[in-house]
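Here you go, one structure.
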Amino acid sequence: MVSEQIIDISGPLKGEIEVPGDKSMTHRAIMLASLAEGTSNIYKPLLGEDCRRTMDIFRLLGVDIKEDEDKLVVNSPGYKAFKTPHQVLYTGNSGTTTRLLAGLLSGLGIESVLSGDVSIGKRPMDRVLRPLKLMDANIEGIEDNYTPLIIKPSVIKGINYQMEVASAQVKSAILFASLFSNDTTVIKELDVSRNHTETMFRHFNIPIEAERLSITTTPDAIQHIKPADFHVPGDISSAAFFIVAALITPESDVTIHNVGINPTRSGIIDIVEKMGGNIQLFNQTTGAEPTASIRIQYTPMLQPITIEGELVTKAIDELPVIALLCTQAVGTSTIKDAEELKVKETNRIDTTADMLNLLGFELQPTNDGLIIHPSEFKTNATVDSLTDHRIGMMLAVASLLSSEPVKIKQFDAVNVSFPGFLPKLKLLENEG
């Protein structure tokens with residue numbers, strides 16, 4: 001039976017919160033801590049379903065990972081002592097786990113099979129398999145390169161690779177494979193994509209050179225890896241839902257503490273500022289992964305915007321809730337260059353338009369994005385996350401514009417990235 005959640009929340013929203021740890025960084029911290037021989041502590045990790053799939057796989061490879069209050073303690077024998085798994089490595093709904101481990105396991109040369117849920121089975125893996133095969137990885141998918149992915153031992157060579165899409169997952173799969181090559185690998189990017197893999201390689205003592213659109217690895221880089229402690233900042237993709245909720249709900253005033261504001265991920269902040277939203281950053285820290293507290297206040301008369309190019313790449317996961325924000329602008333907004341949305345958990349161009357249109361908003365899907373007209377919540381029709389966590393949370397935020405409760409099917413999908421999302425939203429309602 002399909003689960004349903006009735007969302008009955010009204011504003012104003014007021015108070016101070018933190019959001020769960022960054023999903024992208026938690027995945028990478030688990031992977032790197034597992035490769036390094038010794039003990040690493042990962043503080044404030046995200047323990048949603050996706051990151052648990054990554055943890056489960058490394059446990060099968062022989063890594064001891066314990067949950068200790070607000071941290072993970074990773075005791076690893078090191079990559080040289082990894083076991084050959086005797087069962088399929090299940091990645092669930094996690095594209096990050098699937099694609100990054102395709103590169104890492106190919107580099108390790110461990111015979112293994114990666115497979116996920118029905119959603120992962122529909123997501124293309126050819127964009128990862130092509131560069132890995134150029135590196136001489138012995139990896140195959142089924143039916144035109146979909147999961148399961150079958151990996152066999154091979155000797156990885158370095159490559160000079162021009163990225164075909166602006167994708168941090170593809171880039172990271174290549175980088176993880178390159179750790180085990182005795183050659184240099186050079187990656188040329190089309191556009192800036194999130195750089196957590198590069199910054200976290202350095203944190204775990206792995207040498208890497210990165211300029212704006214060019215990344216160069218060092219031969220036999222894996223030999224330099226050392227265990228390290230890592231503090232995971234709050235996930236800006238999760239914070240985005242509260243940012244938009246506060247902006248569109250009258251009299252709201254919300255502060256979110258310890259949010260990661262990596263410049264390759266801060267598109268939501270740039271977009272809100274361009275639209276004239278009342279947003280302030282303070283308590284900023286610097287370093288490999290900068291953080292800040294973010295204060296957001298209700299802002300009427302938001303300005304329309306065209307979101308394209310690098311701004312899309314910097315806000316790719318936030319675009320569904322940004323589309324909702326754009327419905328509250330005083331003119332028509334446009335999202336372009338967002339073809340990548342088609343290969344997420346759902347085709348997010350279509351699902352964003354379909355679900356918001358059901359509620360009375362006016363969005364037109366295009367081949368590479370959305371045209372969004374100023375519009376209001378008109379009906380409390382039942383909507384569906386379609387098992388996409390970000391669509392589910394976006395619809396919950398949309399309900400703030402309704403005077404009636406909204407029913408969302410398959411809302412439990414939000415647990416992929418934000419267990420406790422709804423209680424946190426209700427907490428701000430109660431404080432308001």
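Cβ coordinates come from backbone N, Cα and C, glycine included.
Keep in mind it's a predicted model, so treat the numbers as computed, not measured.
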Can you tell which of Arg59, Arg212, Arg390 Swiss-Prot lists as binding phosphoenolpyruvate with Lys23, Gly95, Arg123, Gln169, Arg348?
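Only hit among Arg59, Arg212, Arg390 in Swiss-Prot's phosphoenolpyruvate site, alongside Lys23, Gly95, Arg123, Gln169, Arg348: Arg390.
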Round to a whole number and give the Cα-to-Cα distance in Å for the pair Arg390 (phosphoenolpyruvate binding site) and Gln169 (3-phosphoshikimate binding site).
18
So for Lys23 (3-phosphoshikimate binding site), how many other CB atoms are inside 10 Å of its CB?
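A count of 24.
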Out of Asp317, Lys344, which has the highest number of nearby Cβ atoms, where nearby means within 10 Å of its Cβ, if these are the recorded positions?
Asp317
I need the nearest neighbour of Arg348 (phosphoenolpyruvate binding site) among the recorded positions Arg28, Gln169, Asp317, using C-alpha distances.
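Nearest in space to Arg348 (phosphoenolpyruvate binding site), counting only the recorded positions, is Asp317.
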Could you state the whole-number distance in Å separating the C-alpha atoms of Ser167 (3-phosphoshikimate binding site) and Gly95 (phosphoenolpyruvate binding site)?
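About 12 Å separates the two Cα atoms.
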What count of other C-beta atoms do you get within 10 angstroms of the C-beta of Arg28 (3-phosphoshikimate binding site), across all chains shown?
25
